[in-house]
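Data block below; observations after.
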Amino acid sequence: MTNLRKTHPLMKIINHSFIDLPAPSNISAWWNFGSLLGVCLGLQIVTGLFLAMHYTSDTMTAFSSVTHICRDVNYGWLIRYLHANGASMFFMCLFMHVGRGLYYGSYTFLETWNIGILLLFTVMATAFMGYVLPWGQMSFWGATVITNLLSAIPYIGINLVEWIWGGFSVDKATLTRFFAFHFILPFMVTALVMVHLLFLHETGSNNPSGISSDTDKIPFHPYFTIKDILGLAILMLFLMTLVLFMADLLGDPDNYTPANPPKTPPHIKPEWYFLFAYAILRSIPNKLGGVLALMLSILILAIIPMLHTSKQRSMSFRPLSQCLFWMLVANLLTLTWIGGQPVQHPFIIIGQTASILYFLNILILMPLTNIIENKMIKW
């Protein structure tokens with residue numbers, strides 16, 4: 001009898017995607033993050049659904065409904081902190097997944113890479129809107145500051161901001177629509193993930209060597225399912241340690257104060273995973289220039305395939321490029337630190353220097369280094 005998983009129309013799709021999928025035999029632990037992101041997305045949708053059952057998207061009751069979830073709902077505190085810290089884990093995995101793509105040259109799969117960038121933008125938008133929902137001080141002022149950046153767009157900026165707000169300030173209409181979008185966007189992310197996987201399975205996975213692995217493939221199950229379960233166990237250990245011992249470590253104390261429009265917090269800052277982009281935004285004194293730099297800091301990923309001048313795909317055998325890659329990582333960590341600091345000396349100059357180095361590294365230093373390495377191969 002023919003195996004059901006190979007003949008049933010639905011099971012066949014799952015089989016080709018997760019069971020009999022031919023995978024390169026040499027892919028390392030850096031290839032775990034795709035499946036971990038899938039787990040994070042599932043966790044966020046499930047915990048978010050349970051939170052939505054008790055949350056009210058009204059400015060008068062939003063803050064107290066979150067308090068009610070934490071105090072009165074059975075395991076409400078656990079669901080809330082799993083959701084909040086799950087977002088942090090999601091972004092940690094996202095950054096490592098993108099970093100892996102940069103290091104091993106996975107961006108040469110253009111469709112997969114571009115869908116990935118679209119996914120990154122969508123997840124960032126979802127996270128931003130989710131941060132507004134508890135309606136604490138940082139929620140309100142974060143929403144005000146970030147949405148107000150759109151007013152820098154010539155001609156239509158102010159009208160666009162008022163249209164997003166649903167009035168002349170961040171208020172009830174803003175909160176209601178942010179909740180609606182925050183609920184629907186994860187399902188759009190899920191659809192995009194399916195397209196991302198569809199394009200990936202057209203070409204097959206990349207591998208650390210960067211060369212074709214068609215001659216040496218092994219089935220995804222059991223080899224990589226077991227490997228991914230180890231990654232999942234480590235992720236859950238980190239997440240549960242955060243949730244059960246340091247639930248508020250990555251949050252902001254100001255968000256435990258209900259939103260108060262007349263009173264501005266001393267330092268307005270977003271969640272930690274947006275701080276690198278926020279630091280780039282703040283490093284430019286001009287408002288429109290800052291907004292453009294903010295957008296370019298993510299959009300720059302889309303032009304990386306065009307900047308690839310090396311004859312080798314992966315950085316595994318390119319030590320100079322490896323140095324620049326780890327400089328870029330250090331740079332992003334510096335920007336993340338600066339984004340959380342007040343706007344004063346010496347943080348201003350450090351932020352400006354790190355921002356210049358970020359763009360300089362990707363746009364000029366990396367392509368030049370690739371050309372030098374090509375010449376070194378001939379020597």
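Glycine residues also receive a Cβ, built from the backbone N, Cα and C atoms like all the rest.
Here Swiss-Prot flags 33-53 (among others) as transmembrane segment.
The feature transmembrane segment is assigned by Swiss-Prot to 77-98 (among others).
Taken from Swiss-Prot, the feature heme b b562 binding site applies to H83, H182. Spatially close to H182 (heme b b562 binding site) yet at least six residues away along the chain are G48, T126, M129, G130, L133, judged by Cβ distances under 8 angstroms.
Under the heading heme b b566 binding site, Swiss-Prot lists H97, H196. In sequence order, F33, G34, L37 are the residues of the chain that are 6 or more apart from H97 (heme b b566 binding site) and have a CB within less than 8 Å of its CB.
The transmembrane segment annotation in Swiss-Prot covers 113-133 (among others) and rests on similarity to another entry. Long-range neighbours of the transmembrane segment (113-133) within the same chain, counting only residues 6 or more positions beyond its ends whose Cβ lies under 8 Å from a Cβ of the stretch, are 55, 57, 62, 66, 87, 90-91, 94, 98, 101, 106-107, 139-140, 142-143, 146, 174-175, 178-179, 181-182, 185-186, 188-189, 192-193, 195-196, 199, 270-271, 273-274, 298-299, 301-302, 304-305.
Taken from Swiss-Prot, the feature transmembrane segment applies to 178-198 (among others), supported by similarity to another entry.
Feature annotation from Swiss-Prot assigns ubiquinone binding site to H201. In sequence order, H16, S17, L21 make up the list of same-chain residues 6 or more apart from H201 (ubiquinone binding site) whose Cβ falls under 8 Å from its Cβ.
As annotated by Swiss-Prot, transmembrane segment applies to 226-246 (among others). Sequence-distant contacts of the transmembrane segment (226-246) (same chain, at least 6 residues past either end, Cβ-Cβ under 8 Å): 29, 32-33, 35-36, 39-40, 78, 81-82, 85-86, 88-89, 93.
Residues annotated as transmembrane segment in Swiss-Prot, with similarity to another entry given as evidence: 288-308 (among others).
Residues or ranges marked as transmembrane segment in Swiss-Prot: 320-340 (among others). Long-range neighbours of the transmembrane segment (320-340) within the same chain, counting only residues 6 or more positions beyond its ends whose Cβ lies under 8 Å from a Cβ of the stretch, are 99, 102-103, 269-270, 272, 274-280, 282, 310, 347, 350-351, 354-355, 357-358, 361-362, 365-366, 369-370, 372-373.
Under the heading transmembrane segment, Swiss-Prot lists 347-367 (among others), citing similarity to another entry as support.
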Note: in the chain of H196 (heme b b566 binding site), residues six or more apart in sequence with C-beta under 8 angstroms of its C-beta are T112, I115, G116, L119
Count the other Cβ atoms sitting within 10 Å of the Cβ of H83 (heme b b562 binding site), across every protein chain shown. 21
